[in-house]
Structure formats: structure tokens, C-alpha cells
Amino acid sequence: MARKKIALIGSGMIGGTLAHLAAKKEMGDIVLFDIAEGMPQGKALDLSQCGPIEGFDAKITGTNDYADIAGADVVIVTAGVPRKPGMSRDDLLGINLKVMKAVGEGIKNNCPDAFVICITNPLDAMVWALREFSGLPHNKVVGMAGVLDSARFATFLAWEFDVSVKDVNAFVLGGHGDTMVPVTSYTTINGIPVNDFAKIKGVSESRIDEIVKRTRAGGGEIVQLLGNGSAYYAPATSAIAMAEAYLNDSKRILPCASYVEGKYGLDGLYVGVPTMIGAGGTEEVIEIELSDEEKSNLKVSTDAVEELLEACKGLDSSLA
Ligand code: A3D
């Protein structure tokens, strides 16, 4: 059986980290694509030389030619421009929309059967645009955000309670932006609802609210600290978890920016919802009961995504 092929569109900070993780996990052979000449080839060479030390046989190549992603099983898209300090994810819209057009066409022409994971920001709008430009079925194009946002929430909760991160099951819904909805009612410490656990540990409600706020601003906190670029280790790790769920047909339930039609009162929108990922791609969107407050928070978040889609349609008439 031939090895799987993983194409990484964008070979910057996240792209390089994705290649290293995918190679270490022997997920398949890896193609790093970028418009910058020499850079993906250089990273591929450098990463290939980790093989003898780490003991992986994955072939890693770099390219500037879309023909080299032909037949890829999984494509992970990070092409575009990341945030600079003071820049919102939405400022990136115009630049990255043009990038999605080129990438969508590259995928359509070379690997239309791939499972495509988009990471480029502003995430919920870019994954929608990438799907439109590529013409792939909705279940084969998904956005990575919720796994990362939930991991941030889980990290902060584990620190607060001084418990293992393995026992924190955190839950974040909605768009990937400052309006995302960390849902405490579905967040547990090994099954114990987080608010109950907070009472046991003497942690106040206002402290949990602060952690929710820090989670919402979790990406921006790292942008400020780095001073140049945005987070890349945890975003790459999150997308790899999603790719593995697809390649292994694991049927994991992960929070992903999936296409939602009908559920959550939404009509054809990509937004963060619990999603089953297996060999069929995003096999099912799971609709959960929400409190009135959670519903209204989700509405604020999905309204923000809808606004971005309208802006995309204004910028590219083929999307209208
Ligand atoms: P960076 O290191 O700049 O890499 C982006 C790469 O894209 C660069 O190497 C560019 O040369 C390349 N590129 C630009 N235009 C094209 C094109 N048309 N075709 C192919 N490649 C191109 O950024 P990064 O890896 O740090 O971040 C990548 C994206 O992920 C940005 O949009 C970030 O905002 C986004 N991001 C999203 C999350 C989420 O949770 C959704 C988290 C962190 C970063």
C-alpha cells in the first residue's frame, strides 16, 4: 500500500511545524508548498535530515509548483499573512482572500479528493472561501480553530486547579475570534462540571470568568509576546490531531469550523461546532443543548462570521 501524501500549502512557521510533526508521526510523505522560492525546499532538506536522528522514513520535499501536490490525501492550508501586533484577524481578510483563491484552484486542479484543513485567518471566513474556490464537497473542507481554542482553555484551567491537563475536557464553540464561546456547562474535569470543581477547589466564579476572557484573547496574547507573527506550535499540533482523525477513521468528536446547515439555526455557514471526523471527512455536526446565555453568545459570534462573509462577497464577485 502506498504511503499517504500530506500537502502543506504555506511553509512558514505553522507549515514547517506541521511537516516536522507529520514526519515524526510517520503520517505519510510530505510536500511543503510555498510561493517563496527556495524556502520550502530549504525547510524540506533541513527536516529530512532529522530523519536519521528521529528514525522516520517520511519523504519530505519542497516545491513552488502546485503539480507536486497531485493526489494528496490531506492538505493543510496556512498560506497567507499572519497577524502583526495591533492587527485584528479581520484586517487580514483582503490579503488572505486572494491567497485562498489561488490555493482553492491549486487543490481543485491537483487533489480534488483530499481532506482539506484550513488554518489561515480570519479562519471562519477563509475556510468558507476556500471551499467555494475549490468546489470540494463541504464535508471535505474544514477549519482548525476549536481544537486550539479548547486546548488554550484546558491549559489555563489545569494551571488554575493544579490538575493534569489530561483530565480537563474543555469546550469552545463559535467563530475563531474575540467572540468565540468557551462553554463552561460542557467543560469538565474528568467528568466533574468545571463550576462544581471550582467550588470544591475554592475557585471563585469571577476567576473562571477571567480564564474564559484569557482564552478568548489567547491568540492575541501570544502575538503581543512574540512581537512578530503568531502562535504556531499549538496550531500545528491541533491540525495534526484533525488530520490523524481523518486518516485513521477515528471518528473523534472535535470542535472544528465545519459547514453548518440547519443545525444551531444556521443556514450554510462555517463555524466552530462539535464535529465527528472520520474517513468521510466531517461526518457529522453534533448539535448540543445550550442555555439562553450561551445561545445569545453563539449568535453574536455567528453574526460576526456572517459579516465577514458579506465582506468577502464584496471583495470577490465570484463569491456573491
Ligand atoms: P507565516 O510564517 O507567515 O507563513 C505563511 C506562509 O504563507 C509564508 O511562508 C508565505 O510565503 C506563504 N504564502 C503567502 N502567500 C501564499 C500563496 N499565495 N501561496 C502559498 N503560500 C503563500 O505564517 P504562520 O505559519 O505563522 O501562520 C499562517 C496562517 O495561520 C496565518 O493566516 C495566521 O493568522 C493563521 N493562524 C491561524 C490560527 C488559528 O487558530 C485559526 C492560529 C495561528 C495562526
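Keep in mind that glycine also has a Cβ here, set from the backbone N, Cα and C atoms.
Just so you know, TrEMBL annotations never went through curation; they're auto-generated.
For 5-143, the entry in TrEMBL reads domain 'Lactate/malate dehydrogenase N-terminal'.
Per TrEMBL, the feature NAD(+) binding site maps to G10, S11, G12, M13, I14, G15, D34, N96, I119, T120, N121. In this structure, D34 (NAD(+) binding site) belongs to neither helix nor strand by DSSP; it is coil.
The substrate binding site annotation in TrEMBL covers R83, R89, N121, R152. Cβ neighbour count for R152 (substrate binding site) (all protein chains, 10 Å cutoff from its Cβ): 25.
Mean per-residue pLDDT, taken over the domain 'Lactate/malate dehydrogenase C-terminal' (148-305), amounts to 95. What TrEMBL records for 148-305 is domain 'Lactate/malate dehydrogenase C-terminal'.
Under the heading active site, proton acceptor, TrEMBL lists H176. For the recorded site, H176 (active site, proton acceptor), the DSSP three-state label reads coil.
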Problem set entry | N121 (NAD(+) binding site) and R83 (substrate binding site), distance between Cα atoms, whole Å | 8
Exercise. Of the recorded positions D34, R152, H176, which ones put their CB under 6 Å from ligand 1?
Worked result: D34, H176
Exercise. How far is it from D34 (NAD(+) binding site) to H176 (active site, proton acceptor), counting Cα to Cα, in Å?
Worked result: 25
Problem set entry | Maximum Cα-Cα separation in Å among residues G10, S11, G12, M13, I14, G15, D34, N96, I119, T120, N121, which the record lists as binding NAD(+) | 17
Seminar exercise, completed: Reduced to three DSSP states, the domain 'Lactate/malate dehydrogenase N-terminal' (5-143) has 67 helix, 25 strand, 47 coil
Problem set entry | For D34 (NAD(+) binding site), the number of other Cβ atoms found within 10 Å of its own Cβ | 22
